Amino acid sequence: MTIKIHNTLSNKKEEFYPQRGNFVSMYVCGITPYDEVHLGHARVYVVFDIVKRHLLRRGYIVKHIQNFTDVDDKIVKRSQEKNMKPSELAQIYIEDYFVQAGRLNILKAEKYPCVTQMIPEIVNFIKELVNKGLAYEIGGDIYFSVEKFKDYGKLSKRNLKDLRAGARVGVCNGKNSAFDFALWKKTKENEPREVTWESPWGKGRPGWHIECSAMSSELLGDTIDIHGGGQDLIFPHHENEIAQSEAKTGKKFVKYWIHNGFVTINKEKMSKSLNNFFTLKAIFEKYNPRVVRYYLLTQHYSSPLDFSDAGIESARNTLQGMDGTYLRLISSVKESDVEITDKDLSDLQGNFLSALDDDFNSEKALSYLHELKGLISKGLLTAGRERLSQLKKLFEDFAGTSLGILLPEEQNADESLQNLLKERNDARKNKNWAESDRVRKLIIDERGYKIFDNKDGSSLLVKKV
């Protein structure tokens, strides 16, 4: 068993060897909480949830840090529009993140640092860069000198010469280079007091890029095993993180960089200007979060993902069928604390785990889950209890532990619905088809359940997703 990761830095698939045995440090760039969480965010955090789940499944200990950029120009602007304190606005959308992430069944990080909680650490980081001659001050603003870091552009495969040739902007504000970026921003007129902190260079607040470097080094050390986010962060954000971190420490900042592909909506880029920008809250009014999570797993994380009505409906129907198969299985056998001894199931388990070992290929892993579903359907007709117990264990391992899409137990139907189901089954036995159809319509249309009829005459109810 060796996990392989496509490393953005080398643009190659590399074998995964963390720095310290089975301990893995992982830093994922979090949201800027000025608006509701959207579909693009969902893909990032589901992708890294699969990474974390598989690392845990393979026996690693994972220290996962995910930040909140809770001070930012967008937060200040939006809070002023809403006549709120920036901290109040940020807290609203931080809470929204946790609600929507919970609905997507995303495992929690070990820590969620906020920028406003780590200003002293950020200031100290900047001071070291200034003291080493890697950053300079202009009127209370501090800039990182990109020219001082010879490897600038190695993540995004750019170089300063090409950047200069393609640049449309000249040097402004007295900067040494147009590509030097802000580490500390002097307080502007009319900015709220609560986004202003004292520093050796006067009152101000951190720039965006320095925040992640300072927080990650404080909580995970100078070198991180895994770092990543969406592809849009490769340049300039992650490029600048590398520059300031490696310039400060002289050490490799990140061993393995992981970036997920963009989300499009019906083949168009998701954006507010095109009116195809969907918050998770709005999507979840129409689609079950489990369906959305399943759909996000149907493509390899590095590929673009098109979110379409046809695609999500297909995912809904597929997941509904899986739920029905699983409910039939758990109605036939309760035990799952068994060893996988049947060779075909052991081989299938190996194939499933190997798919995730190979750069966390959820698309391929799902194909083995579907293969398992077929074996369960066949087993329900012919298999004994031991075989069914193994099938149940494997399904819960694949769909639950690894992929996070297993039907929750609380979705079982309540007593009133079971009574309606009994009425329908009695009507069917008596060949009272009109009454059977009436109750069926009541269960499906008014109570939101699907009915799965078994060959032995019994039926199961599954909450529609």
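In case you wondered, yes, glycine gets a Cβ from its N, Cα and C as well.
Worth saying up front: this structure is predicted, and the values here are computed from it rather than measured.
What Swiss-Prot records for Cys29, Cys212, His237, Glu241 is Zn(2+) binding site. Swiss-Prot lists 31-41 with the feature motif ''HIGH' region'. Annotated motif ''KMSKS' region' per Swiss-Prot: 269-273, in sequence order. Here Swiss-Prot flags Lys272 as ATP binding site.
Each residue in Trp208, His209, Glu211, Ser213, His227, Gly229, Leu233, His238, Asn240 lies on the same chain as Cys29, Cys212, His237, Glu241 and has a C-beta within 8 Å of the C-beta centroid of that Zn(2+) site, without being one of the site residues.
Here the motif ''HIGH' region' (31-41) is broken down by DSSP into helix, strand and coil counts: 3 helix, 1 strand, 7 coil. Note on the motif ''HIGH' region' (31-41): its mean pLDDT in the predicted model is 95. The Cβ of His237 (Zn(2+) binding site) has 16 other Cβ atoms within 10 Å, all protein chains considered. Counting every protein chain shown, 21 other Cβ atoms lie within 10 Å of the Cβ of Cys29 (Zn(2+) binding site).
For Cys212 (Zn(2+) binding site), the number of other Cβ atoms no farther than 10 Å from its own Cβ, over all displayed protein chains, is 28. Annotation for Glu241 (Zn(2+) binding site): same-chain Cβ neighbours under 8 Å, separated by at least 6 residues, are His209, Cys212, Ser213, His227, Phe253.
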